[in-house]
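Shown next, in structure tokens, is the structure this report addresses.
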Amino acid sequence: MTRRAVSRKRRAAPGTGPGEQSDWDHSAHKRKRLPPEKKSLVFYLKSRELKPHNDSSYLRLLRGHAACTLPGILSEREFHLGTLNKVFASQWLNHRQVVCGTKCNTLFVVDVQTGQITKIPILKDREPLSGSHQSCGIHAIEINPSRTLLATGGDNPNSIAVYRLPTLDPVCVGDGGHNDWIFSIAWISDTMAVSGSRDGSMALWEMTEEILSKSDFQHGLSRVPVYAHISHKALKDIPKESSNPVNCKVRALAFNSKNKELGAVSLDGFFHLWKAELTLAKLLSTKLPYCRENVCLAYGLEWSLYAVGSQAHVSFLDPRQPPQCAKSVYCREQGSGIRSVSFYEHIVTVGTGQGALLFYDIRAQRFLEDSTGSCRNSKYKGDLLKLSTGKGWLNHNEMWMNYFSDIDCCPNAVYTHCYDSSGTKLFVAGGPLPTGLHGNYAGLWS
């Protein structure tokens, strides 16, 4: 068999003429080699993905799937808060710190990795409070859109206190606006916040550039906390729609950043909508479908819906639709009330007065079920998915001795809950529901 002759001549480079031999450029050949990371198996597998890892629709799909699946696999880790009384408000500061406010008027930060508690000094009014003053505690903590300022209650529960983030240095106190306790706060821009009070009014506060720069300058000169005092920019009373004006107390606020609209819930069972930009202008007031114990409100931007908690229902309101179109869902927690509510993706998380967390799927229009039967309160597969708070701490005071000593464990109302930025950690806090009982609960579900 004759062997075919094979030419060992190198192919001429493009552009070389006939009979010309191109030089072999070894340095150019080396420069064209793929970088090591592109030769890896990881790079090869990532190149085969159906969607790029930074594709927004793909990420939204993943977040939605996680939001629906995660509640069924969450496990609880309790924190010990000492003798603090009832955690009413909370917000994540970063991936490991949560700031909280209590009924005993304590502002503190808890490290969810170590459990360490750090108390933050609360800010005082221009004039000292009278000796007869009685505090209701800190009911609201809110962070502005750029996460540079935090607003909460002051030493006087009628006043709003603003801190700088991430240092929690004091910036200013807004005093002289309300005659009664502040129940809720909402930021309507990076420098403007609205407070809602038990006196039936809403106050608009502005942290001007002058206030912020002055605060920076004073902190640079003094080792003692120094802060400004500001007055409200606008003050509006909610409409007295009911026959009992005493119940016209602003209980909760939620802001729609897209339409610049502020929703407010009052204890007389009404929902109020305001245009909130440089001032507050009323748009509408409507009677709620369930008007007992309306103490919590949240806005879902993606769904253009307000969620309002009541004694046993969560009602979903779309201000663009007639009031009779509002949909309500029964939470099977008759008598204890809905104490906190929030949106994450298509899941509405509901905290109850009986220490339960429920999860409502807006798309499926039903509560999530326990698909495994492994949750603490589930007896059978397919039961309603319900997470129950731990024992917490309870002071066996005179109230407990007289009325509750025969009860082994008093459930802790979920007064506040919040997801971290990843949506994989849920901070839950509260305390005993009866007014005279003193106790606390805080836990991380992850």
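Just so you know, the numbers here start at 1 and follow the chain as drawn.
Every residue, even glycine, has its Cβ placed from backbone N, Cα and C.
Quick look at what Swiss-Prot lists:
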REGION    1-33  region 'Disordered'
COMPBIAS  1-12  compositional bias 'Basic residues'
REPEAT    177-215  repeat 'WD 2'
REPEAT    333-370  repeat 'WD 4'
Could you put numbers on the helix, strand and coil content of the repeat 'WD 2' (177-215), residue by residue per DSSP? 7 helix, 18 strand, 14 coil
Sequence-distant contacts of the repeat 'WD 2' (177-215), meaning Cβ under 8 Å and at least 6 residues beyond its ends, amount to 136, 139-146, 148-149, 151-153, 157-160, 162, 164, 169-171, 226-228, 230-238, 240, 245, 248-255, 257, 260, 262, 264, 266, 274, 276-277, 279-280, 297
What DSSP reports for the repeat 'WD 4' (333-370) is 0 helix, 22 strand, 16 coil
